[in-house]
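S.K.: According to Swiss-Prot, the Zn(2+) 1 binding site annotation covers C64, C66, C79, C82. Sequence annotations record features per position, and here Swiss-Prot assigns Mg(2+) binding site to D590, D592, D594 based on sequence analysis. The Zn(2+) 2 binding site annotation in Swiss-Prot covers C928, C1002, C1009, C1012, and the record cites sequence analysis as its basis.
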Amino acid sequence: MSTKGRGIFPFSKIKLMLASPDDIRSWSHGEVKRPETLNYRTLKPEKDGLFCAKIFGPTKDYECLCGKYRGKRYEGKICEKCGVEVTSSYVRRERFGHIELAAPVVHIWFLKSTPSKIGTLLNLTSRDVERVAYFESYLVIEYPNEEEEEKFEKEEGTIPLNDGISTKWVKLHVVNEEEFEEKYAFSIDEKYEYGMGAEILKEVLSKIDLEAYSKKLKELVKPYSLGFEDLGREVAEKYKNLYQKLVKVIADDFRAYGVELKGLEDKGLTLEQAIHRIITEELYLNVETGEVEFEDCGDNCLTGREALRVYYEKVREHKRDIPIFEKIKEDVRTAVLREVSEARIRKALRILQLVEGFKKSGNRPEWMILEVLPVIPPELRPLVALDGGRFATSDLNDLYRRVINRNNRLKRLIELSAPDIIIRNEKRMLQEAVDALIDNGKRGNPVKQNGRPLKSLADYLKGKQGRFRQNLLGKRVDYSGRSVIVVGPELQMHQCGLPKIMALELFKPFVYRRLEEKGYATSIKHAKKLVEQKTPEVWECLEEVVKQHPVLLNRAPTLHRPSIQAFEPVLVEGKAIQLHPLVCPPFNADFDGDQMAVHVPLGIEAQLESYILMLSTQNILSPAHGKPLTMPSQDMVLGTYYMTHDPIPGRKGEGKAFTSYEEVIKALELGHVDIHAKIKFKVGKEWIETTPGRVLFNSIMPEGQPFVNETLDKKRLSKLITNLYIAVGNEETVKFLDRVKELGFLRSTLAGISIGIDDLQVPKVKEKIIKEALKKTEEIWNQYVQGIITNKERYNRIIDVWSEATNAVSKAMFEEIEHSTEIRNGKEYPGTFNPIYMMAVSGARGNRDQIRQLAGMRGLMAKHSGEFIETPIISNFREGLSVLEYFISTYGARKGLADTALKTAFAGYLTRRLVDVAQDITITEKDCGTVKGFEMEPIVEAGEERVPLKDRIFGRVLAEDVKDPYTGEVIAKRNEVVDEKLAERIARAGIEKVKVRSPLTCEAKHGVCAMCYGWDLSQRKIVSVGEAVGIIAAQSIGEPGTQLTMRTFHIGGAATAQKVQSFVKTESEGTVKFYNVKFIVNRKGEKINVSKDAAIGVLDEKGRLLERHTIPYGARLLVDEGQKVKAGTKLADWDPFNTYIIAEVGGKIELRDIILDVTVREERDVITGKTATVVSFMRPKDAMLHTPRIAVITEDGKEYVYDLPVNAILNIPADKLTLEWRICPTCSESEETTIQHQYYVVKELEVQPGDILARIPKETAKVRDIVGGLPRVEELFEARKPKNPAILSEIDGYVKIYEDADEVIVFNPRTGETKKYAIKKDELILVRHGQYIKKGQKITETKVAEIDGQVRIKGRGFKVIVYNPETGLQREYFVPKGKFLLVKEGDYVKAGDPLTDGTPVPEEILRIKGIEELEKFLLKEVQMVYKLQGVDINDKHFEIIIRQMLKKVRIIDPGDSRFLVGEEVDKEELEEEIQRIKLEGGKLPKAEPVLVGITRAALSTRSWISAASFQETTRVLTDASVEGKIDELRGLKENVIIGNLIPAGTGVDEYKEVDVIPAEEKVLEEKPQSSEEETS
């Protein structure tokens, strides 16, 4: 280890290794031979026992056991009588003992962890090794005789053993007793060795020749990093099987792209043989003509793999295609990688990794078997005497006693040379005893005592109660206390009230010192006495000590950084801590019995840091989004709102003019003017109209700020505070906040606002609205009864009607309140002074929804499943609920409480994973100098802009110059920080994309650089080096999750359905532009959109895009392209409840495979008696045999076929439909008998373009809350595959859709003749199901119809082919039935576009579109979940987590690196290795990025200490010890665990050199009241 330490330790790295038996003996101070602990009479430790003083040290300080030597002067002496060394009893916490085991024992971690390390190394299954270790089976080693040596070496699964002379490859067999007796027991052949138990395993492990093993395995996996460039004779000879597969891949590609080799037939060669012989340089290829020659024929004749490439590109050029040879290279590589994923190769790679681990680390395999067992120091497994003569002991002592007892018994049996079977049994029991000690319950049943499993060594490490999480990461500290909090409105913002008795206890040592200094006490003892008596001098000293000494307050749960802040204590009477009301929001504290903890920072550095960094006045802004956290709330907001309210006409003092604040305030106090009167006031040189209340508010504003002349509610107040912070800085803002608090409280008190039941005004129109709604629902029921709409539609429409009614009542209620007047205190007030209204509108308490429930109507309630209960609650709380209504509403209320309990845990666990994955990301340097960046654009969802560009680039550093797109002038330069002004300017210039620097593209070696991170949002300046941005990111994402889950029950389950959007309106004036709009005109002359990705934009006169709206398929367009529109014009509307299948051409209709009770069912509604024909397959088999479709046949005989997905409802008039019995050829054929079905047939029916053929009802409306959202966040961060994945196109190209089936049947209904055609896997079917074809028409490229007839296809689904004529690339996708296709024949798609519905799989996006698109996708998806909840989190926090998910790469070709093919390594490690190989000159490794979920990323971090303390402790430690992993102690977690300063904040190396010189007392006294220092 290097001696240069980190923090307080003389080392900078920690390496984990396996301990050899000699290591264990060297740690030990003696062997423990007896299981005894303490003597029951003398209570002294027994000699040679588990607590032996001779081995572990004296029980009393500086005193031997027999008492002969006592006192410090004998230190180091060993007593002759009892053999105990005289020293401090502390050594009993650090001295080890050991137990010499009578027989070797397998360490269970290396036997039972998955995959088993010993099993992997010996190439045996875990179960086999276990059977050997527990004496159930024999391990037989088969050595080769001389003839077999070479054969054994080549065979897979053999193992090299070195007996000290030579290395032989042997086979291992695990056989049971019977087989052993039969085959090997009496064999005189010398080639077999055998044994049982850990002994034989140890023997084999100690002989393994790691070098030879590694060499063989490397040879085995070497071909799997081959590419086209490596093909040649050597490869052909060495790796026959793989090579043949690759030749076939090349041949297939040549055929597919029409590249022919000529002259093969005369020479009797197949294409594969020719390619093979060209690659191995046995044949020549004329690259001009394509002739294959036996001899060299001059310049044009080439041989080897290059010949194929040159010829291929020449041919493609003649065909006017782009000559892409990359495609063949890619296919070869894909074929190789497919082989890698084979189990055999994966296994070889796993063994190789383990062998390399042992080689590199210097561990020996036989050390996984224990000969000596260490005994941990006795003070770490204490035995405590309780009163009543009983003892409480650690479980470990019991486990050790079992081991010692069994070990001693085994020794005795071996000395007595007992029968083999007894010894074997005893050895097995010893093995089990050691297993229980190391990891109880890992194998078989755990050892129990009084029905409770004993805690083994592993249990002391793992889980929440283990050493890592309980004692190392979550220590309890002294100088702390906790108490209930109460509000302290008279405090200043940097103060808190600390109870005197509490302060006295916390500051005791300081008080003692002060008492001595002032001469009140002569000694510490005296001072103690004074403090106990609590004399007046004590309180005097306490006051002095506490002054200027900050304390930290913390409220659990500590969800983010502002949950711990520093305050200056003010001593108060009583026992409750007083908290300033403004700092409640960051703590999320209220005063209904919350408790808080107090901590005292002791050191001078700690006090300074508390003052400068943690003081509450320094934490006004949130690190998550940069908006103020410290906010006036409740009464303060109400008071401010009340006094800045609009003027009331006709009040006392109206029209008076004032010139100064003092005049107004005096007039107000004397009652000459009413607070809401309209007065004139002089601001600067201008006169303005305002009210005395607003003048009063402006009198507390910082100087030089513009006059605020508006009604201030919570939102405006927040905006005002943000603007002030920008304008006047921290200190002035804090002072202002304190003044707002005072004034707000005062004014709300003087206003005397209170609420009475009369303030809840039930709107007069409520009855009318409800009558109308009831009428509408009745109509909907009638339509349903008549069968015009389906049950699902009925449900959706009813929900919609009630949502609208609820909103209407609520709107009416607020309007009535606003327009009414009331007499209060003899004065007339407008309705906006209604106290409840004021509370809601100002944002002081409650919201419109809650008032709606109090005085409007409660509205719709949600069920557990998230659906709405159809019957709304019509009453409100003022009128009271009926029994039924009360019963319905218990539903939602209970759901709220149940959710809260479950989801808090879920969100907490998510936060923990996020912290663990990002904990080691800190700001490590000022600027990494990268030129890369991340493109920011507005987030648009469903056609509306959810997050504007200016919000996304705010606080970021530009990656390149930003130019005005119209004038070309440079608005901002690279590396400039974007503040509000600049963001606004960029947005105004109409720029749509801006490249900013991002943690995702940062090139800092460890962590992130300050420029790529941008602003520290809580300080509004570039982040300082050392900031722990990873943890801040995790907290910023996790905290709202926890908050949101806690928020559901406040509305009491009264759900609000999101109003369904059924049209789009313009927001601005301009000219209409269509994007991808394809429309047809229907019978009514309306334009119907039939494009799947259409959008309508509005441009201004310069042609700049102002807005863009997506338009769904089937929408009615209400404007024309190029039309001028005003703001508020409707552009398009559609039916929000259904998706339509629309006839795009006119013609006759034919139904195909629409068979009653087979492919469609008649849904007859019990209530309505009407029927609807709905597509649904009765049996899964039917879906294979039939494909329901509607065909429209035009006059010129062209067919347009529309597939009907499941749940589609036919839209054909009932009188045009008849049922006919017909023979079904497909079913008859599959059941091998004649089967008839009832087919639906359409009588003469012509459709016009735009007619609706069928409709698919949409999913029902559900309540969307983050609870639905949190699992989505988890799905994204864990990189899980979504439940319904979308199929994405991998290339750009045109879509072709074919049926996918094994056979095509042509059936002639007139003659009854049937012909079958078997279809090969790679053939494309050129006809559609149900189509009528003529004899001679092609069915596939090779098969032709032999009869006229109708086509029948037993379809599995579709083959969707994307073909790119330019590159010649083609990809095919299988789409199963029931998945909805988003593309049509002939559509053009881009790589990464979805072909079917569903959620895109992140890994697919990474593979197809690359890392940048994936980053954009993840960022947008996860932001949307939070945005739907109205939660603001800055992008950079998500970016840091996404950076961690993408920090690994998978090695495709190891080159000359130390990596293996398929291994996943950190980008950093790969970079280091590349640099090394560049210096030495060798083949560089190639890798591809992989996406890793946060749990896996946290477990595979380079720091084993951090991973072990996260999850799966056993596995992490086992892996780390075998590989001899080194922890560099870079992250925060590992440093906390070993007790070091963390490498963040002031713990960064840069600050190491800074020393704090304790100033004289005098200087300390003059410290300023509130913190004015800026962060250094």
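The first residue you see is number 1, and the count goes up from there.
Glycine is treated like the rest: Cβ placed from N, Cα and C.
As the structure is a computational prediction, the values presented were derived from the model and not from experiment.
In the displayed structure, how are the listed features positioned relative to their neighbours?
M.R.: Shown in sequence order, A53, P58, R70, C79, K81, C82, V84, E85, V86 are the residues of the chain, 6+ apart in sequence, with a C-beta less than 8 angstroms from the C-beta of C64 (Zn(2+) 1 binding site).
In three-state terms derived from DSSP, D592 (Mg(2+) binding site) belongs to neither a helical nor a strand segment and is classed as coil. All protein chains shown were included, and the count of other CB atoms within 10 Å of the CB of D592 (Mg(2+) binding site) stands at 5.
Same-chain residues at least 6 positions away in sequence with a Cβ under 8 Å from that of C928 (Zn(2+) 2 binding site) are, in sequence order, C1002, E1003, A1004, C1009, M1011, C1012.
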S.K.: Which one is it: of the binding-site residues D590, D592, D594, whose Cα lies the shortest distance from the Cα of C66 (Zn(2+) 1 binding site)?
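M.R.: Checked the binding-site residues D590, D592, D594; minimum Cα distance to C66 (Zn(2+) 1 binding site) goes to D594.
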S.K.: How would DSSP class C1002 (Zn(2+) 2 binding site) in three states?
M.R.: coil
S.K.: Fewest other CB within 10 angstroms, which one of the binding-site residues C1009, C1012?
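M.R.: Among the binding-site residues C1009, C1012, the lowest count of other Cβ atoms within 10 Å belongs to C1009.
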S.K.: Which one, from the binding-site residues C79, C1002, has the smallest tally of other C-beta atoms lying within 10 Å of its C-beta?
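M.R.: With the binding-site residues C79, C1002, fewest surrounding Cβ atoms within 10 Å: C79.
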S.K.: State the three-class DSSP label for C1012 (Zn(2+) 2 binding site), counting H, G and I as helix, E and B as strand, and everything else as coil.
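M.R.: The residue in question, C1012 (Zn(2+) 2 binding site), is helix (DSSP, three-state).
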S.K.: Fewest neighbouring Cβ atoms within 10 Å: which of the binding-site residues C66, C82?
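M.R.: Minimum Cβ neighbour count within 10 Å, taken over the binding-site residues C66, C82, occurs at C66.
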S.K.: Could you tell me which of these binding-site residues, D590, D594, has the greatest number of Cβ atoms within 10 Å of its own Cβ?
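M.R.: That would be D594, with the most Cβ atoms nearby.
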S.K.: With an 8 Å cut-off on Cβ distance to the D590, D592, D594 Cβ center, who else from the chain surrounds the Mg(2+) site?
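M.R.: Surrounding the site, in chain order, are I485, A589, F591, G593.
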S.K.: Which state, by DSSP, holds C928 (Zn(2+) 2 binding site): helix, strand or coil?
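M.R.: Once the DSSP labels are grouped into three classes, C928 (Zn(2+) 2 binding site) ends up as coil.
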S.K.: So around the Zn(2+) 1 site, C64, C66, C79, C82 aside, which residues have their CB within 8 A of the centroid of those CB atoms?
M.R.: A53, L65, G67, K68, Y69, E80, K81, G83, V84
S.K.: Note the Cβ centroid of C928, C1002, C1009, C1012, the recorded Zn(2+) 2 site, then list each other residue of that chain whose Cβ lies within 8 Å of it, in sequence.
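M.R.: Apart from C928, C1002, C1009, C1012, the close residues are E925, D927, T930, R997, P999, T1001, E1003, A1004, V1008, A1010, M1011, Y1013.
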